[in-house]
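Chemist: According to TrEMBL, the protein has these features:
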- Lys132: ATP binding site (BINDING)
- 104-399: domain 'Protein kinase' (DOMAIN)
- 7-28: transmembrane segment (TRANSMEM)
- 34-54: transmembrane segment (TRANSMEM)
Amino acid sequence: MEGRKGKIVAGATFSSLLILIIVLWLCLGLSKTFFLLAGIAVACILSVLVWVLLQHAALNRRTMSLVRRSTLEGNELRLEYSFLRKVAGLPTKFRYKDLEVATDHFQALIGRGASASVFKGILDDGTQVAVKRIEGAEHGDQEFRSEVSAVASVQHVNLVRLLGYCLNPGGPRFLVYEYIHNGSLATWIFPGDSSSCSGDHHHRKCLPWALRYCVAVDVAKALAYLHNDCRSRVLHLDIKPENILLDEGFRALVSDFGLSKLMGRDQSRIVTTIRGTRGYLAPEWFLENGISEKSDIYSYGMVLLEMVGGRRNVMLVGDGQPSERQWSYFPKIVSEKVREGKAMQVVDERLLQPQGSEDVEVEKAQVETLLHVALWCIQENPKLRPSMARVVDMLEGRIPADLPPETEMIIMDILSMDDLPTAGTMNYSSILSGR
């Protein structure tokens, strides 16, 4: 506005002086007086031009200063907004191009499932992430954003953080998680299970007993938080060793909220499609009864048994062709051994072997505690299963873990054993269970 006014004033002054010169020429002719007055008029015109140029330059400087200030303020606001989003746990919306660069065009595959794949990536700021690519879509974009925001707001020291998401129009969707360096629990408790070995963890190691007990407590605390301490109750619905990750200090973090459901405090639901992993599903999944947090508790109990035994709960045993071998149901074996007072006979044999300088005795009391808790958790009647908060109390010794009543284990009849894959063909992903 100021520049426009200056130009108008300059134009009016120039026109007036030019008219004055013409009038003087007509009145005085080419006399000395005319040239004197004309010189004064020209000087005035030049002065006006200089003033206009100075005003224009000053206006440009002010404009550039405002632009720079606006840019700096905008950058500061973006940085502050980004910082506040991270502090508040709000998910970041990533561009597809950024994820493509971070994952080296999706080359670093670390896990694969029926409908999703997981890739290792490095963001621009050096943050290592696990990028889950989800094929197909069950919900619209707006509902997907709402679910992502709800899940990302759920934060606990024993839960893998969801950092952000990406909506690729017409293509797959992406979830971006923090990267957990030691991979899944499955790679540390199952000997020679190649299906649970992928990514950087092709070696086979045995998790010591003390760490296994700590993992049991960590996972229990994570589930107790999801079930009891969130504004909306969160059901994981797919608890298994592949969805329990170990950080650099071997603390457990529960991962993969792809199947999580946000529910009201007193709500349960009927699920018509089985969406978890066989071998960890509670009977109510198959009976189409109400699904609640008790279903997660059952899966947790099954995981505890596998941690103690270092083996899958359902597996083929014996020699010869698969058709000549028999299915072994570990929970049934554990129940019988515990009631016979032979709990140590179901412990992972590798833990009972001398380990040289790393030899750490497996405490019978802890074994019995874990097995008792596990047997409570896998009760057929959901009402008999303890809450996860009570499980934490039992594991940490605040309340006794008594031997639970016998259960029929009708899951053996519900599961079609002929349909169950062998341990060598089970498709277990290593990081974020890409189904």
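Every residue number used here counts from 1 along the chain in the order it is shown.
Yeah, the Cβs are placed from backbone N, Cα and C, and that goes for glycine too.
Are these features on the surface or tucked inside, and what touches them?
Modeler: DSSP assigns Lys132 (ATP binding site) to a strand in the three-state reduction.
Per-residue pLDDT, averaged along the domain 'Protein kinase' (104-399), amounts to 84 for this model.
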Chemist: For Lys132 (ATP binding site), what is the tally of other C-beta atoms lying within 10 angstroms of its C-beta?
Modeler: 27
